[in-house]
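Input: a single structure, listed below in structure tokens.
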Amino acid sequence: MAKPIEWFSARLHATRELTPDVRLFEIAPERPLAKATPGSHIDVLAPIDGRLRFRSYSLVGSCADGLYRIAVKRLASSQGGSLGMWRLKAGEQLTISQPRNNFELSYGRPEYLLIAGGIGITPIYTMALALNQADANFRLLYAARSRRDLAFADELASHIGERLQLFVSEEGQRIDLAGEIAQLDRRGELYVCGPFGMLDTAKRLWREGGRPAALLRYETFGNAGSLADAPFTIRIPRLGLEIDVPANRSMLEALEDAGVDMIFGCRRGECGLCVLPILEASARVDHRDVFFSSEERASNEKLCTCVSRAACGSLTVDTPDRTLTPAHSSTGPGARV
């Protein structure tokens with residue numbers, strides 16, 4: 001692990017439905033924790049398949065009242081995190097981390113463009129409120145599949161008015177990413193949070209426009225791939241292991257379950273700490289990260305184990321500098337020698 005997470009006790013204060021599939025969770029730490037800044041997230045230990053596993057959630061709005069708020073979209077096809085969270089009731093105990101920020105908002109730019117897709121509105125919502133309070137020059141473009149999926153739309157409209165523009169794909173509306181980026185001030189910043197395709201396109205257009213990489217900030221959510229989740233097998237010749245990866249479990253989690261001493265950080269396909277070399281793939285590899293460039297993903301030489309997976313069959317990887325942890329044997333869950 002890049003840096004150990006310090007855990008704290010908390011209580012689920014209340015929940016509220018934002019849309020039929022998005023629920024707001026208000027979490028009360030048992031003691032005051034760090035103040036959160038726009039773009040911050042917390043890690044929450046959630047019960048998944050009978051085990052406690054952590055998931056990261058962006059913080060929504062201000063925590064001036066001492067409550068942390070997160071919005072969780074219920075996904076039947078997820079790896080268990082959202083379903084575990086949705087089963088929680090007000091009053092139940094939780095374990096959370098201090099707020100951390102890998103998607104920090106900067107101030108003082110001549111113009112800002114905020115783009116959100118689906119549940120990616122969660123960090124962007126807080127940024128929009130902060131920029132509005134700072135009287136900054138900004139616009140927010142918010143896309144969703146249907147109008148009922150537009151969480152926080154009414155609140156945003158009341159706070160930022162005409163600076164908000166909504167796009168509903170069921171009604172044939174799409175964000176013109178190329179056009180929007182082209183008209184942004186050359187010294188302006190772009191903040192994007194949304195599905196993989198949106199982020200990948202924004203990064204490509206930004207690069208092709210010759211804009212400074214430091215002025216593009218982005219964060220992923222969901223890590224939806226181009227293929228449906230399916231079980232597959234990992235082969236690790238160096239460790240003499242074969243590990244079965246269920247459809248509802250990530251490759252990184254399966255490696256951890258089998259006792260492989262993995263290094264990881266974001267668990268969202270952004271930081272690259274969990275990358276392993278690919279030696280052989282019997283089927284297509286579904287790369288779901290935003291760490292590698294399109295060319296690097298197409299080369300199929302490495303993958304981010306936290307989000308990417310094989311379509312089926314087997315995937316043979318190398319594990320340089322990785323060992324089996326002493327507390328595990330090579331015959332842990334899903335592992336065979």
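Using N, Cα and C of the backbone, Cβ positions are placed for all residues, glycine too.
Pulled from TrEMBL:
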| type | residues | note |
| --- | --- | --- |
| DOMAIN | 5-106 | domain 'FAD-binding FR-type' |
| DOMAIN | 230-323 | domain '2Fe-2S ferredoxin-type' |
Secondary structure content of the domain '2Fe-2S ferredoxin-type' (230-323), with strand meaning DSSP E or B: 13 helix, 29 strand, 52 coil
For the domain 'FAD-binding FR-type' (5-106), the mean pLDDT of the predicted model: 88
